[in-house]
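Peer 1: Per TrEMBL, the feature transmembrane segment maps to A:48-67, A:79-100, A:130-151, A:158-177, A:197-219, A:240-258, A:264-282, A:311-331, A:343-362, A:369-387, A:393-412.
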Amino acid sequence: MSTEHLADSNPEAPADAIPAVDPRLLVREEGFSGYLQEFLRKMKAGDLGSLPVVIGLVIICSIFQGLNSNFLSAENLNNIAVTMVATGMMAVGIIFVLLLGEIDLSVGSVSGVSGAIVAVLSVTHGMNEWLAVLIAIASGAAIGAIHGFFFARIGAPAFAVTLSGLLFWSGFMLQILGDQGTINIDSDGLVGKLTTYYFSDVAAAYGLAAVAVGAYFVGSFFDSRRRQAAGVPSRPIVEVALRTGVLAVFAFGAAAIFNQYKGLPLAVLLFLVALVGTDFLLRRTGFGRKVFALGGSVEASRRAGISVTGIRITVFAIAGTFAAIGGLFWASKIAAANQSAGAGDLLMNVIAAAVIGGTSLFGGRGRTWNALLGVMVITSIQYGLALEGIATPIQYMITGAVLLATVVIDSVTRKTQKTAGRA
Amino acid sequence: MTAAPVLALRGVSKRFGAVQALTDVELEIHAGEVVALVGDNGAGKSTLVKTIAGVHPIDDGVIEWEGAPVSITKPHDAQNLGIATVYQDLALCDNIDVVGNLFLGRELRRRGVLDEVEMERRARELLTTLSIRIPSVRIPIASLSGGQRQTVAIARSMLGEPQLVILDEPTAALGVEQTAQVLDLVERLRERGHAVILISHNMADVKAVADRVAVLRLGRNNGVFKVAETSQEEIISAITGATDNAVTRRAARTGEARK
């Protein structure tokens with residue numbers, strides 16, 4: 001059976017080497033029509049990418065703008081941008097857990113603990129605020145590591161471990177807040193400034209946009225050059241320029257909106273730093289590759305010599321860390337640590353933001369940038385409904401429905417992707 | 001075959017509780033040789049492979065590597081010696097692309113950061129030398145056919161330049177054309193001087209690529225045959241135990257006497 005195949009597998013002549021691009025592979029043609037074809041093909045294969053979110057965001061914005069012309073005002077957009085950072089930071093953390101195909105239900109409670117720790121240490125005990133913040137973030141990491149230990153080492157389901165954590169840590173928060181219930185935070189302090197400080201100089205926002213666009217272009221350009229030098233397929237320079245152009249439109253657009261109000265918010269800057277940092281960690285380092293591998297196949301990862309337990313514990317510690325950071329922004333926003341912090345719909349919003357952004361609940365698929373898009377959707381809905389004076393019960397129901405819709409899209413695209421061989 | 005065998009098993013035994021899975025098994029394999037390991041279900045093929053791969057340490061006997069006794073007690077020992085095992089369930093990550101899978105667990109780094117360009121270049125080079133044809137090295141494993149996945153899994157085992165490659169039922173789940181691809185690859189491994197242990201149920205595959213066939217029956221050697229000089233019927237009767245006769249006994253003994 002294999003004899004006729006031997007003829008063309010002569011070892012002396014591996015000359016019929018793989019051409020740079022296999023002829024059977026559907027390659028994108030040059031030019032705009034090529035882009036369009038590739039785009040349609042990806043849609044059919046269920047590779048929706050960020051498209052549903054972007055469309056959703058446009059729809060949401062136009063509906064709310066139609067209902068209330070203040071929705072797209074610079075001030076409102078600014079408030080949305082600053083408010084979304086708390087939820088967004090937590091979503092960044094939970095995306096790590098979702099990439100493993102697991103869930104962390106405790107992020108809301110952990111964020112409450114973090115706010116309470118800072119308030120108690122710095123206000124009640126008069127500790128240096130920087131130190132208090134460090135302790136709060138470290139506590140978040142430790143709490144996450146504890147969850148990770150019970151999940152990875154003991155083998156308890158992450159769902160059950162973090163559900164216990166949800167109750168335990170909200171009890172812990174109430175305990176350390178004590179009888180007072182609410183501790184006000186100095187809004188001129190470190191935590192207070194997190195959401196109230198603006199770089200009022202116009203140059204700050206534009207400068208950041210310019211740096212981001214420039215760094216992206218230089219990075220892509222040299223990557224492309226290096227790929228060419230190594231003889232592997234590379235992005236044509238036209239595409240690099242096009243992508244940079246699109247990024248520039250969004251970056252400078254956002255900067256213009258910020259500058260119309262008070263300037264670049266510190267919170268947004270920190271959020272962007274977190275996004276860039278975690279994206280780098282996930283896509284460019286060995287650690288990130290291991291996280292994706294675990295999300296794809298635990299057995300394959302184990303055989304490849306990856307320390308499954310270590311990665312899992314680290315990932316939960318990262319989720320706890322970002323939950324704590326989110327809690328600081330939350331405390332900053334309401335200028336207090338109170339008993340309702342981390343409760344209500346916060347956890348749902350965090351998960352919804354991650355999933356709406358395009359992170360799969362099934363593991364192995366997603367990017368931390370998903371948190372940005374997802375949290376924009378969630379926060380826009382909240383602000384829009386609040387502008388209309390729609391009460392909390394309805395808000396909850398709408399957020400719940402949006403989350404369900406997203407999960408449905410995730411499940412359906414996963415099926416389509418399986419049949420199209422892309423999952 | 002004058003040089004010492006790459007791997008030799010001398011009187012290897014393995015027990016699981018009350019079950020004697022392997023009894024005094026002898027096996028020799030030389031560089032540039034494909035040895036097929038055949039036997040009925042439960043004959044001990046998988047157990048034997050796992051003892052070599054370090055999953056199950058042996059209870060009795062000696063494992064010799066290039067003539068010197070070695071102890072293989074964990075998978076890492078086997079890997080360090082230069083033994084690569086491709087299991088039946090390929091252990092690839094569906095969501096990661098071909099390059100990522102090839103280098104999983106041994107990523108190349110440049111200044112602490114994954115060196116995607118170099119990994120992609122080497123992946124192409126490796127696939128080219130093995131004449132493996134896949135559409136692109138940057139598509140997720142999920143998009144590949146069963147045969148392509150198998151070839152990727154085998155290619156991955158070649159990255160560490162192992163001297164011995166163990167393939168556990170590499171063609172079991174494949175169609176005709178895909179099986180042919182994998183068998184081609186096995187021959188290429190032999191041509192490159194690797195020793196290959198091939199576990200298979202398919203006599204046609206065994207006849208096509210193997211140099212020798214080692215038959216296991218109920219955890220014992222039941223003959224080692226030169227493929228070129230043996231008919232399929234003889235091998236099958238050794239597998240089923242229909243001929244436990246002098247010829248097979250002698251063949252087994254001469255194999256033993258050579259050591």
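Just so you know, glycine gets a Cβ as well, placed from its N, Cα and C.
As the structure is a computational prediction, the values presented were derived from the model and not from experiment.
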Peer 1: Give the nonlocal contacts of the transmembrane segment (A:130-151) in its own chain as ranges (CB under 8 Å, at least six residues past its ends).
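Peer 2: Hits for the transmembrane segment (A:130-151): 93, 102, 104, 106, 110-111, 113-115, 117-118, 121-122, 157-158, 161-162, 165, 169, 190-191, 312-325, 327-328.
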Peer 1: Other than its close neighbours in sequence, what residues sit by the transmembrane segment (A:240-258), given a CB gap under 8 Å and a spacing of at least six beyond its ends?
Peer 2: 74, 77-78, 81, 205-206, 208-209, 212-213, 216-217, 220-221, 224, 264-265, 268
Peer 1: Check for me, if you would, whether the transmembrane segment (A:369-387) reaches the transmembrane segment (A:264-282) - at least 3 Cβ pairs under 8 Å, residues 6 or more apart in sequence.
Peer 2: yes
Peer 1: Excluding the flanking five residues on each side, which residues at least 6 beyond the ends of the transmembrane segment (A:343-362) place their CB within less than 8 Å of a CB in that stretch?
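Peer 2: Sequence-remote neighbours of the transmembrane segment (A:343-362) are 48-50, 52-53, 56, 87-88, 90-91, 94-95, 98-99, 101, 103, 105, 107-108, 111-112, 166, 170, 326, 330, 369-375, 377-378, 382, 395-396, 399-400, 402-403, 406-407, 410, 414.
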Peer 1: Could you pull out which residues elsewhere in the chain have a CB under 8 Å from any CB of the transmembrane segment (A:79-100), counting only those six or more residues past its ends?
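Peer 2: For the transmembrane segment (A:79-100), the nonlocal Cβ contacts are 107-108, 111, 144, 158, 195, 258, 265, 267-268, 270-271, 274-275, 278, 282, 291-292, 294-295, 312, 315-316, 318-323, 325-327, 329-330, 333, 346, 349-351, 353-355, 357, 359-361, 363-368, 370-372, 374-376, 378-380, 382-383.
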Peer 1: Could you tell me what the rest of the chain brings near the transmembrane segment (A:48-67), counting residues at least six beyond its ends with Cβ under 8 Å?
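Peer 2: Cβ under 8 Å, 6 or more out: 42, 356-358, 370, 373-374, 376-377, 380-381, 383-384, 387-388, 409, 413.
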